Structure formats: structure tokens, C-alpha cells
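S.K.: Here it is, the structure in full.
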Protein chains: 6
Amino acid sequence: MRPSGRASDALREVRLEPNVSKHAEGSCMAKFGDTHVLCTASIEDKVPGFMRGSGQGWVTAEYGMLPRATHTRGAREAARGKQGGRTLEIQRLIGRSLRAVTDPTGFGERSVQIDCDVIQADGGTRTAAITGSYVALYLAFDFMRQAKVIETIPLTDQVAAVSCGLYNGTPVLDLDYDEDSTAAADANFVLTGRGQIVEIQATAEDQPFDRATFDSLLTLAEGGVAKLCTRQLQAVGIG
Amino acid sequence: MRPSGRASDALREVRLEPNVSKHAEGSCMAKFGDTHVLCTASIEDKVPGFMRGSGQGWVTAEYGMLPRATHTRGAREAARGKQGGRTLEIQRLIGRSLRAVTDPTGFGERSVQIDCDVIQADGGTRTAAITGSYVALYLAFDFMRQAKVIETIPLTDQVAAVSCGLYNGTPVLDLDYDEDSTAAADANFVLTGRGQIVEIQATAEDQPFDRATFDSLLTLAEGGVAKLCTRQLQAVGIG
Amino acid sequence: MRPSGRASDALREVRLEPNVSKHAEGSCMAKFGDTHVLCTASIEDKVPGFMRGSGQGWVTAEYGMLPRATHTRGAREAARGKQGGRTLEIQRLIGRSLRAVTDPTGFGERSVQIDCDVIQADGGTRTAAITGSYVALYLAFDFMRQAKVIETIPLTDQVAAVSCGLYNGTPVLDLDYDEDSTAAADANFVLTGRGQIVEIQATAEDQPFDRATFDSLLTLAEGGVAKLCTRQLQAVGIG
Amino acid sequence: MRPSGRASDALREVRLEPNVSKHAEGSCMAKFGDTHVLCTASIEDKVPGFMRGSGQGWVTAEYGMLPRATHTRGAREAARGKQGGRTLEIQRLIGRSLRAVTDPTGFGERSVQIDCDVIQADGGTRTAAITGSYVALYLAFDFMRQAKVIETIPLTDQVAAVSCGLYNGTPVLDLDYDEDSTAAADANFVLTGRGQIVEIQATAEDQPFDRATFDSLLTLAEGGVAKLCTRQLQAVGIG
Amino acid sequence: MRPSGRASDALREVRLEPNVSKHAEGSCMAKFGDTHVLCTASIEDKVPGFMRGSGQGWVTAEYGMLPRATHTRGAREAARGKQGGRTLEIQRLIGRSLRAVTDPTGFGERSVQIDCDVIQADGGTRTAAITGSYVALYLAFDFMRQAKVIETIPLTDQVAAVSCGLYNGTPVLDLDYDEDSTAAADANFVLTGRGQIVEIQATAEDQPFDRATFDSLLTLAEGGVAKLCTRQLQAVGIG
Amino acid sequence: MRPSGRASDALREVRLEPNVSKHAEGSCMAKFGDTHVLCTASIEDKVPGFMRGSGQGWVTAEYGMLPRATHTRGAREAARGKQGGRTLEIQRLIGRSLRAVTDPTGFGERSVQIDCDVIQADGGTRTAAITGSYVALYLAFDFMRQAKVIETIPLTDQVAAVSCGLYNGTPVLDLDYDEDSTAAADANFVLTGRGQIVEIQATAEDQPFDRATFDSLLTLAEGGVAKLCTRQLQAVGIG
């Protein structure tokens with residue numbers, strides 16, 4: 001029995017609230033239960049130096065967590081003077097995930113800067129961030145389409161993410177904090193709308209696990225991501 | 001006529017939403033129109049080195065702004081590796097303002113760490129932060145009282161803040177971004193529930209102004225802060 | 001009775017020594033009693049990126065304090081790897097104060113970089129810095145005039161600053177360290193030669209104060225700044 | 001046909017040279033073809049603050065790359081003033097991998113600090129680092145055993161790592177730089193001597209891949225790690 | 001003929017003004033011509049961690065240069081966020097030089113922190129700094145003696161420094177900026193009152209020089225330091 | 001008797017292994033006994049801003065030490081976020097030494113970036129770094145010559161370095177760590193193939209020493225550098 005009372009293959013209540021920001025070209029508040037991540041997409045008419053002259057666009061991401069998003073207050077990264085390793089790891093992951101479904105030739109030499117800021121954390125912030133960022137990115141591209149800057153939305157597929165883990169020996173979907181903090185294995189899966197693999201990050205928290213366990217986790221993730229993709233379509237208004 | 005259509009002595013719609021955070025001991029989402037600041041108060045059972053052994057408590061604050069809280073995206077301070085001068089200035093102001101109404105002898109050698117994070121900005125973020133932080137601080141002390149850690153809430157008065165400025169030559173209350181960006185003078189007033197002065201920061205944006213103008217701004221602020229204090233009482237449930 | 005024995009409306013002995021630097025285009029050693037601030041103005045033939053092509057000039061300031069300018073040694077900011085919040089706050093104030101009386105269209109796309117370095121501190125370093133910087137800035141512009149780079153000095157007024165505070169319940173002018181460290185209120189006033197307001201920063205150190213007190217402080221400041229402006233004229237040779 | 005001419009399931013020439021450092025308690029130069037990583041293990045008689053008093057030990061790792069380890073010179077991280085995201089990600093991975101096979105109760109409140117420095121890079125530096133670090137860690141524990149500080153080596157299993165990828169559509173083992181830079185998928189597998197999973201990091205470089213492909217990569221990795229574990233035993237002298 | 005008109009073995013006008021700081025336990029303004037360095041010595045009742053419990057004292061130094069001490073303004077190190085290599089090199093040299101003549105067993109577990117700040121630069125700032133620091137250090141020890149903290153001044157000898165160089169092929173003493181910027185060799189000599197060597201730093205600016213030249217420079221330095229030592233005795237009141 | 005058993009004028013076993021790097025245009029592993037420094041020379045087709053348009057080339061150097069190159073592990077500079085004073089001092093010295101024998105007009109507007117990384121330390125790392133860097137630099141120029149980019153190698157002389165010190169009162173050549181840590185004087189000499197002086201850095205570790213002692217150290221260094229220059233010629237293949 002999970003602390004949350006959920007079935008092993010049940011997501012938390014997921015809400016993807018589009019257009020929550022007054023200023024950003026695209027935005028989404030992604031809520032996976034009590035995990036709330038504000039995702040914004042900002043369009044800029046320039047690309048990083050290494051892409052200048054390529055005629056191609058760039059999508060990148062930054063991630064942050066408010067100091068008291070968590071059970072006990074964490075130090076503010078801006079005050080400490082640097083982003084931690086976990087932060088850098090997550091924001092690199094978000095950027096790679098979105099680029100895997102973006103056609104860089106489809107929106108000119110422009111950048112879309114994704115910002116994922118965790119307003120409240122209860123486990124699975126990186127998966128909520130990826131899932132919500134896709135919505136924000138879609139909406140920013142839609143903004144460009146409505147402004148006649150582009151004709152079609154340069155996304156080749158959807159992308160969403162979910163975590164799975166071993167809780168009391170049982171593979172379960174979408175770990176919340178109570179589950180995550182005692183899970184024996186923790187895996188994050190980034191999959192496409194067609195079910196293909198974009199990223200897998202699996203870690204034995206405590207002791208190594210076997211291949212059959214891993215396969216169960218991946219199967220759970222495939223089911224979870226399919227549901228998340230449905231929510232994404234609803235959020236962008238084509239579901 | 002103000003861009004917002006408000007009367008010169010009218011506040012924007014103000015909402016002080018208490019207890020918005022699942023984790024923080026005290027919290028308040030302070031909304032001054034489209035300016036939204038999440039204020040949390042975190043209790044820690046220790047004080048900074050310079051206060052150890054004093055038997056007294058400490059209240060301090062940090063301030064941040066999400067990168068796309070603003071019209072155009074600003075660089076993330078954590079990524080740049082330092083907090084800017086404006087940020088430091090504001091968080092020092094918030095801390096001083098709260099300490100001016102806190103009895104440091106009334107909650108033991110403990111710290112209350114205030115975090116003010118601007119989720120969306122439309123002018124007046126520092127005044128919304130101070131006004132909302134008072135609510136978060138009150139609620140954190142109330143949390144301690146209910147936990148029987150303290151008997152009475154160690155606050156000697158309320159504190160709230162509002163900005164005033166010269167818009168097209170007319171003194172007006174509670175500038176929003178459109179007004180602020182063209183105002184000739186900009187003043188932030190931090191006053192107590194009894195109407196006394198905690199801090200005044202007045203700046204001639206463009207050209208110096210005279211003492212009579214300053215007096216008008218202060219009078220406007222006195223009226224505005226009185227209304228904000230009423231909202232604070234409602235938010236903490238004693239209004 | 002003030003520790004210094006001064007009347008409540010008396011400045012300390014003020015000396016504004018012009019042209020103290022062998023290298024700077026303009027310079028002034030500003031002495032307010034035992035507070036000594038070296039102010040230099042350096043002309044550079046370029047402006048920051050955000051002003052390029054505007055045809056306008058820029059005045060900015062930096063502030064520092066020698067480690068043993070104070071009663072006990074303070075850490076060297078260069079060694080700590082960053083400027084503190086107080087330093088940033090003061091140097092931003094100095095820059096704004098000087099820009100308020102400078103005509104940016106009057107000296108081409110050039111910068112004047114002001115440096116205020118506290119050689120010895122005894123209270124009121126920021127007000128001495130502003131008062132001395134005006135002299136350094138004037139002399140740098142005069143240097144440009146003599147070099148036929150400009151025809152008239154692009155200053156629209158004088159600017160000077162003084163602190164006032166409540167000492168033992170009495171409003172007093174120009175606090176020295178002994179007074180400042182026990183004052184109940186501390187206010188810095190930046191005023192022009194014509195007596196207009198450029199900046200006011202008033203802080204209740206201990207407990208809030210009322211509007212009548214504030215008015216007394218401002219009146220004291222008006223008198224003090226008038227005297228400082230006379231000294232500035234003498235220092236630049238037109239008094 | 002791979003650029004290297006290797007069979008799809010063939011490792012590069014692997015050499016694990018033990019005891020290469022005059023000073024370190026344990027050390028290993030790990031060579032995977034032209035990728036050379038110096039791994040040292042340093043014993044310290046203290047643990048980080050969060051473990052003090054636990055009676056347990058700690059294993060952690062740092063990773064670096066010499067500026068000209070690569071085809072074109074990279075900036076020195078010490079000169080840039082911070083470690084990059086990739087560096088932090090890799091050193092966190094190395095630490096987790098070693099801790100997964102270490103019994104923290106078996107060597108007292110001591111730390112083993114692993115340093116992995118890439119002397120020359122040709123792809124797969126993180127997998128060589130993990131594989132060599134296990135040898136350095138074993139030798140450091142052996143040093144403690146010979147010094148009668150511990151009785152048995154507190155390692156519960158071996159751990160080694162290898163990369164796999166899709167090269168021209170074919171799954172291949174142990175990518176070198178030429179293969180890695182054009183591979184469509186890139187996965188790093190950290191497995192134990194018993195073949196269990198410690199970490200999986202799989203990334204679609206270009207376009208998402210399917211589950212069957214992932215399964216092929218994992219199968220290749222299982223074979224590769226088994227061979228690496230044999231080399232580790234030889235290197236520590238028990239093979 | 002030197003630009004300064006001085007004889008090849010002539011120092012600039014040297015003034016060592018003692019007790020120039022209101023706050024520091026020892027201080028000296030060292031003027032070598034237009035090079036002015038403010039040297040302060042601050043006593044602290046603690047030593048760095050690596051000396052705690054040793055019963056011995058510690059002398060260390062920091063060095064800085066005001067931004068407009070030089071012909072053209074240099075960036076403020078505190079604003080850049082780090083001390084440059086030249087600064088670190090010089091402050092390490094000052095510390096070593098003073099420690100070479102200090103008896104660490106003669107003033108308890110205390111630190112003397114030397115600060116050398118260049119108010120105006122015209123070549124030879126490090127040699128002026130060392131020469132003036134000796135005076136500040138002596139006066140700080142004298143302060144301790146008068147306060148009955150120590151009985152005798154724990155200095156085993158005097159220490160002073162001077163630069164020499166090849167100007168137009170001729171060895172000359174005490175280079176000023178005009179000479180230094182064109183000198184073919186530049187050597188700084190730190191010698192004791194008895195004429196012994198504490199430090200030599202000799203550099204071929206342009207092209208290597210021979211041993212005979214070096215010998216000439218050292219002979220010039222011996223004469224120069226002897227004169228500086230006489231000035232030091234006068235400054236501390238025993239000359 | 002020296003701990004190493006060497007005669008007072010004997011170098012350690014010196015090996016200068018050329019072309020040890022797969023990627024660098026020039027490289028040399030410099031071994032002075034157990035001190036091993038990897039020196040690489042990287043050619044870049046640009047120069048720093050201050051040299052652009054000069055038509056001249058630039059040689060510069062960076063220095064680093066692996067954390068466990070030493071007896072006890074030192075903190076990694078990249079992790080601490082800055083290079084220490086000793087590191088900056090040494091890399092500046094290496095750069096100056098190489099520039100003293102390089103003709104900047106002989107290889108166009110190009111840079112040669114030298115990296116000296118200490119793989120293992122046993123005293124004298126800076127002298128090994130300089131001696132090996134010359135070889136790496138020569139080989140990089142030779143690479144350019146073979147690529148027909150330049151016709152002749154733009155080096156005007158050889159440069160090498162050695163340390164000397166007072167061990168038990170006796171001047172000795174090429175101190176190893178055991179000798180260095182107890183030596184009373186420590187001097188590093190950078191000399192050319194013709195025996196001229198490029199740099200001298202002599203420091204009294206404990207107590208000042210006299211001129212006769214210094215002369216002995218210099219004489220020892222002249223002999224040592226002559227031998228090192230012979231090894232350099234062998235390493236580059238013209239000995």
C-alpha cells in the first residue's frame with residue numbers, strides 16, 4: 001500500500017494550467033499533486049554565439065526552486081552565488097528533452113528560453129517541469145504562429161516525463177516525496193507522444209536492482225506518459 | 001488621468017492570501033493588482049553568530065524575482081552567480097521593516113527567515129513584499145503560539161508599505177508599472193499601523209522635486225497604508 | 001548635549017580639498033570631521049552598451065572603504081570576492097544623486113566614472129562622498145572645458161548631502177560615529193543647491209518615529225546642505 | 001563498420017594500471033584506448049558535517065579534465081572560477097556509483113575522496129573514471145587493511161561502467177570519440193560485478209529511439225562490464 | 001640622464017609619516033615621490049586555524065590599489081569579484097618580508113593584519129608598501145608594549161625594500177613610473193637593516209641580462225635600503 | 001649529506017619526454033625525480049584583445065596541480081572557485097619566462113597557450129614546468145614549421161629553470177620536497193641557454209641570508225641550467 005493510497009500505476013492528480021503568466025509568450029503551471037512548477041517560455045530574437053549564422057533556432061532551459069518550496073528551507077542559490085549540481089543537471093535535462101522534439105529549422109534564428117521554477121515541491125519536480133515546459137513551449141510557438149512569424153509549430157512530437165520507483169519492493173508510478181524518500185530505486189523517464197525514449201535516468205538509491213525490475217519501471221512509465229500527453233493536448237486546446 | 005483609470009489616492013485591487021504554502025510555518029501571497037509576491041516565513045532554531053547567547057531572536061529576509069516575472073526576461077541571479085544591487089537593497093529593506101515591529105526578546109534564540117519571491121511583477125514589488133511579509137511573519141508566530149512555544153505574538157505593531165509618485169505632475173498612490181516607468185518622482189513609504197515612519201526612500205527619477213510635493217506623497221501613503229493594515233488584519237483572521 | 005559638543009544644527013568641520021590626485025581629471029578629498037573620503041572623477045571616451053548611439057553621456061559611481069578606515073578592521077571586499085549590500089546601495093545612491101544634476105546631452109558619448117574611497121570613517125561616509133563627488137565631477141567637466149572638448153559645464157544645479165538623526169530625542173545635524181551608533185533615527189538627505197529633493201533615505205533604527213520628527217530632520221538638512229553648497233563653490237573656485 | 005574497426009560488442013584495449021601515484025593511498029590509471037583517466041583515492045580521518053557522529057564512513061568523488069585533454073583546448077575550470085554542469089554531473093555519478101557497492105559501516109567515520117582527472121580524452125571518460133575509481137578505492141581500503149585499521153574490505157560488490165550507442169543504426173559497445181560524436185543514441189551503464197543495475201543514463205542525441213534498441217544497448221553493456229570486472233580483479237591482484 | 005634628473009643611486013624624496021590613522025594601532029603613510037601607500041597594522045586577538053594552540057603570533061598582509069591611483073583608471077577588484085594575480089603576488093611578498101624580521105614567539109597568539117593601500121601610484125608601490133609596513137608594524141607592537149601586553153618589541157631587525165633597474169643600459173635606483181615603463185630589467189630587493197637578503201625578485205622585462213648587471217643592481221639596492229632604514233628609525237622615533 | 005644522497009651540485013634524474021599528448025601541437029612530460037609535470041602547447045589563431053592588429057603573437061601559460069599530486073590532498077581549485085595566489089604567481093612566471101626567449105614577430109597574430117599540470121609533486125614543480133614548457137613550445141613551433149605556417153622557429157634562445165637552497169647551511173642544487181621543506185633559503189633561477197638571467201625569485205624561508213650565500217646559489221643554478229638545456233636539445237631532437 002502506497003502512503004498516498006494510489007494504485008501502483010496511478011498518477012497523482014495532474015493539472016496543466018496554460019497561460020498563467022501575464023508577460024511570457026507561453027506559460028504553464030504544472031501541478032503533479034502538491035508539486036507545483038511554473039514553466040514559462042520566453043522568445044528572444046537571437047541565438048547563442050555558437051549558432052549564429054546557422055539559420056537555426058535554439059531551445060534551452062533553466063530550473064530553480066524557491067527556498068521554502070521544500071519541507072525545510074533550502075539556501076537560495078542566488079545568495080550562495082552559484083547553482084548547485086542538482087540544479088544544473090535538471091536544467092540540462094529539460095533542455096535536451098525539449099530539443100529532442102523541436103525542429104530547429106522551423107522558427108528562424110530565435111531562442112526560446114524555458115524557465116521552470118518550483119513554487120512548491122512534493123517529489124517529481126523535474127518530471128513536472130518537463131511535462132509543463134512542453135505546454136509552455138507549444139504555446140510560445142503558437143504565439144509566433146498567430147503573430148505570423150511562423151506558419152506551423154515546429155514540434156515533431158510531444159514529450160513528457162514521469163518518475164517510477166521501487167516502493168517496498170513494488171514498482172510504482174509517479175513517486176511523491178514520502179515515497180521518493182524511502183524508495184529503493186528511482187528512475188526518471190522522458191518519453192515522446194509516440195512512446196519513444198528521449199532520456200532515461202535510473203539510479204539505485206540504496207542497493208542495485210535487476211533488469212526485470214527496470215523493465216517493470218519502464219512499462220509503468222509508458223502508461224503514465226501516455227496519460228500526461230493527453231493532458232498536454234487538453235492544455236494547449238487541441239485535446 | 002492615470003493609465004489605470006484609478007483615482008490619485010486609490011490603491012490597486014489588493015489581495016493578501018494567507019497560508020498558501022504547504023510547508024512554510026507562515027505564508028502569504030500578496031497581490032497588488034498584477035504584482036504577485038509569494039512571502040514565506042520559515043522558523044529556524046538558531047540565530048546568526050553575532051546574536052548567539054543573546055537570548056534574542058532574529059528576523060531577516062531575502063528577495064528574488066522569477067526571470068520572466070517581468071515584461072522582458074531578466075537574467076536569473078543564481079545563474080549569474082550573484083544577487084544584484086537592487087535585490088540586496090530590497091531584501092535589506094524588508095528585513096529592517098519587519099524588525100522595526102518585532103520584539104526580539106519575545107521568541108527565544110530563534111530566527112524567522114522571510115522569503116519574498118516575485119512570481120509576477122507590475123510595479124511596487126517591494127511594497128507588496130513588505131505588506132505580505134508582515135502577514136507571513138504573523139502567521140509563523142501564530143504557529144509558534146499554537147505549538148505552545150511562545151505565549152504571545154512578539155509584534156509591537158503592524159507594518160505595511162506603499163509607493164507614491166508624481167505622475168504627469170500629480171501625486172498618485174500605488175504606482176503600477178506603466179505609471180512607474182514614466183513617473184517623475186518615486187517614493188516608497190514603510191509605515192506602521194499607528195501611522196509612524198519606519199522607512200522612507202524617495203528618489204527623483206528625472207529632476208529634483210520640492211518639499212511640498214514630498215509632503216503630498218507622504219499624505220497619500222498614510223492613507224494607503226491604513227487600508228493595507230486593514231487587509232492584513234483580515235488576512236490573519238483578526239480583522 | 002551631543003558627544004561632539006556641537007549645536008544641534010552644526011556641521012562638523014568640513015573641508016573639501018580639490019585636485020588632490022595627480023592622475024584623475026577631477027578629484028576632491030572630502031573631510032567631514034574625521035570622515036575622509038577621496039573622490040575622483042575619471043573621464044572615459046565610451047559609454048555602457050545600453051547608451052551606445054544615444055549621443056548622451058553617463059555618470060556612474062563606485063564606493064569602497066579601506067579595511068581599517070573603521071574602529072575595528074573590516075574584511076576587504078576584494079578579498080571576500082564581492083561587494084556587500086551596503087556598498088552597492090551607497091554607490092547606486094551616489095550615481096543617482098550626481099545624474100540628477102547632470103545634463104546627459106552636454107558632454108557627448110562619454111562616461112565620467114566617480115570613485116569614492118573612504119580613507120577614514122567616523123560616520124556619514126555616504127554624505128561626504130556625495131558632497132565631494134560633486135566637486136570632483138565639476139572639476140572633471142572643467143578639465144574638459146579647458147581642453148575645449150565642451151563649452152559649458154553640463155551641470156544643472158549643485159548637489160550635496162547630509163545626515164540627520166534623533167540623538168537622545170533631539171533632532172541633530174551631521175551625525176558622527178558616536179552619535180550615529182546610538183541614534184534612534186537616521187536619515188540621509190540629498191538636496192540641490194536650490195534646496196530641492198534628490199533623495200531621502202530615512203530609517204528608524206530602533207523604533208518608528210512620527211511625521212513631525214521627520215519634518216524637523218528635513219529642516220535641519222536644508223540648512224546643512226546650504227552650507228555645504230557654499231563650500232563646494234569655494235572648492236571649485238567660484239565661491 | 002565502426003571507425004575503429006572493432007566488432008560491435010568489442011571494448012577498446014583496456015588497461016587498469018594500479019598504484020601509479022607516489023602519494024595516494026589507492027590509485028589507478030584507467031586507459032580505455034586513448035582515454036586516460038588518473039583515479040586516486042585519498043583517505044581522510046573525518047566526514048562531512050551531515051555524517052558526524054553517525055559512526056559511518058563516506059565516499060565522494062571529484063572529476064576534472066586537463067585543458068588540452070581534448071581535440072581543441074577547453075577553458076580551465078579553475079581559471080573560469082567554477083566547475084561546469086557536465087563536470088558536476090559526472091562527479092556526482094562517480095560518487096553514487098561507488099557508494100552503491102560500499103558498506104558505510106565498515107571503515108569508521110572516515111572519508112575516501114576519489115579524484116578522477118582526465119589526462120587524455122577520446123570518449124567515455126566517465127565510464128573509464130568509474131571503472132578505475134573502483135580499483136583505486138579497493139586499493140585504499142586494502143591500504144587500511146594492511147595498516148590494521150580495518151579487518152575486511154568494506155565493498156559489497158564490484159562496480160564498473162561502459163557506454164553504448166547507436167552507430168549508423170547499429171548498437172555498439174564502448175564508443176570512442178569518433179563514434180560518440182556521430183552516434184544517434186548515447187547511454188552510460190553502471191553495473192555491478194553480479195550484473196545488477198546501479199545507474200543508467202540514456203540520451204537520444206538526435207532523435208528518440210525505441211525500447212528494443214534500448215534493450216540491445218543494455219545487453220551489450222552487460223557483456224562489456226563483465227569483462228571490465230575481470231580486469232579490475234587483475235588490477236587489484238586477486239584476478 | 002634619468003627622466004627624474006636623479007643620480008643613478010638617488011632615491012626619490014622619501015617620507016614615512018607615522019600615526020596617520022585615527023583607528024589603527026599602527027600606521028604609516030609611505031611616500032616615495034608621488035607613490036603614496038597607506039599602511040595600517042591592526043591587532044587581532046586570534047590567529048588563523050593552522051596556528052591555533054601554537055602559542056605563536058602571526059603577521060599577514062593585504063594589498064590594494066585605488067582604481068584611479070594610476071594614470072588610467074583600473075577596474076576595482078571588489079567589483080570584479082576577485083583580486084588579480086599581481087595583487088596576490090604583492091601581498092604575499094609583503095607578508096613574507098615582515099615575518100622574516102618578526103619573532104612569532106614574542107606577542108602571544110595574536111595576529112597583526114597589515115593593509116597596504118595605494119592612494120597614488122608612480123612606480124615602486126610594493127617597495128613603498130614594505131618599507132612603510134615595517135613602520136606600521138613597529139608602531140602596533142609599540143602600542144602593545146605601552147598597553148603592557150608585551151614587554152619588548154618582537155622584531156629581530158628592520159626590513160625595507162627598493163627597486164632597481166636598467167634604464168638606457170645604466171643601473172639605477174628606485175624607478176619611478178616613467179623609468180619603470182621603459183626599463184630593460186626590473187628588480188625588487190627586500191633587505192634587512194643589517195644588509196641581509198630577505199627576498200629578491202628580478203625580471204628581465206625585455207631581454208635577459210647578465211650576472212654583472214644583476215650584481216650592480218644589488219649593490220645599488222644595498223645603498224638605498226640603508227637610507228630607507230634610517231628613515232624608518234626616524235619615523236618610529238628612535239632615529 | 002642530503003636526504004637524497006645527491007652531491008650538492010647534482011640534479012635529480014631528469015627526463016623530458018616529448019610528444020606525450022595525442023592532441024596538443026607540442027607537449028612534454030617533464031620529470032625531475034618524482035616531480036612530474038605535463039606541459040602542453042596549444043596553438044590558437046587569435047590573440048588577446050590588447051594585441052589585436054599588432055601583427056604579433058602571444059605566449060601565455062596556466063598552471064595547475066592535481067589534488068592528490070601532493071603528500072596530503074589539496075582542495076581542487078575548480079571546486080573552490082578560484083585559483084590560489086601561489087598558482088597565479090607560478091603561471092605568470094612561466095609565461096614571462098617563455099616570452100623572454102620568444103620573438104613575437106615570428107609567428108603571426110597567433111597565441112600559444114601553455115598548460116602545465118602537475119601530475120605528481122616532489123618539490124620544484126615550477127622549475128620543471130618551465131623547463132618542460134620550453135620543449136612543448138619548441139615542438140608546437142616545429143609543428144607550425146612543418147605545416148609551412150612559419151619558416152623558422154621564433155625562439156631566440158633556450159630557457160630552463162632550477163631551484164637552489166641552503167640545506168643544513170650548505171648550498172645545494174634542485175631541492176626535492178624533503179629538502180625544500182626544511183631549507184633555510186629557497187631560490188628559483190630562470191636562465192637562458194647562454195646563461196643569462198630571465199628571472200630570479202629568492203626567499204629567506206626562515207631567516208635572512210647574506211650576499212655570498214646568494215652568489216653560491218646562483219653559481220649552482222648556472223651549472224644546473226646548462227645541463228637542463230642539454231636535455232632540452234635532446235628532447236626536441238637536435239641535441
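Every residue gets a Cβ built from N, Cα and C, even glycine.
Curation plays no part in TrEMBL annotations; they are all automatic predictions.
What TrEMBL records for this protein is below:
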| type | residues | note |
| --- | --- | --- |
| BINDING | A:Arg86, A:Gly124, A:Thr125, A:Arg126 | phosphate binding site |
| DOMAIN | A:11-140 | domain 'Exoribonuclease phosphorolytic' |
| DOMAIN | A:157-222 | domain 'Exoribonuclease phosphorolytic' |
S.K.: Would you mind checking how many other C-beta atoms are within 10 angstroms of the C-beta on A:Gly124 (phosphate binding site)?
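M.R.: So the Cβ neighbour count for A:Gly124 (phosphate binding site) comes to 25.
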S.K.: Which residue, out of the binding-site residues A:Arg86, A:Arg126, shows the minimum number of other Cβ atoms inside 10 Å of its Cβ in this structure?
M.R.: A:Arg86
S.K.: For the phosphate site as recorded (A:Arg86, A:Gly124, A:Thr125, A:Arg126), determine the largest distance between any two Cα atoms, in Å, rounded to the nearest integer.
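M.R.: Largest Cα to Cα distance for the phosphate-binding set is 13 Å.
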S.K.: Restricting to the same chain and to sequence separations of six or more, state which residues have a Cβ under 8 Å from that of A:Thr125 (phosphate binding site).
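M.R.: For A:Thr125 (phosphate binding site), the qualifying residues are A:Thr35, A:Val37, A:Met65, A:Ile90, A:Val118.
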S.K.: Reduce the DSSP letter at A:Gly124 (phosphate binding site) to three states and note it down.
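M.R.: The residue in question, A:Gly124 (phosphate binding site), is coil (DSSP, three-state).
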S.K.: Cβ within 8 angstroms of the Cβ centroid of A:Arg86, A:Gly124, A:Thr125, A:Arg126: which residues besides those meet this for the phosphate site?
M.R.: A:Ile90, A:Val118, A:Ala121, A:Gly123, A:Thr127, A:Ala128, A:Ala129, A:Asn188
S.K.: Give the residue counts of the domain 'Exoribonuclease phosphorolytic' (A:11-140) per reduced DSSP state, in the order helix, strand, coil.
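M.R.: Taking the domain 'Exoribonuclease phosphorolytic' (A:11-140) as a whole: 44 helix, 41 strand, 45 coil.
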S.K.: Mind looking up the mean pLDDT for the domain 'Exoribonuclease phosphorolytic' (A:11-140) in the predicted model?
M.R.: 97
S.K.: Do you know the DSSP helix, strand and coil residue counts for the domain 'Exoribonuclease phosphorolytic' (A:157-222)?
M.R.: 16 helix, 30 strand, 20 coil
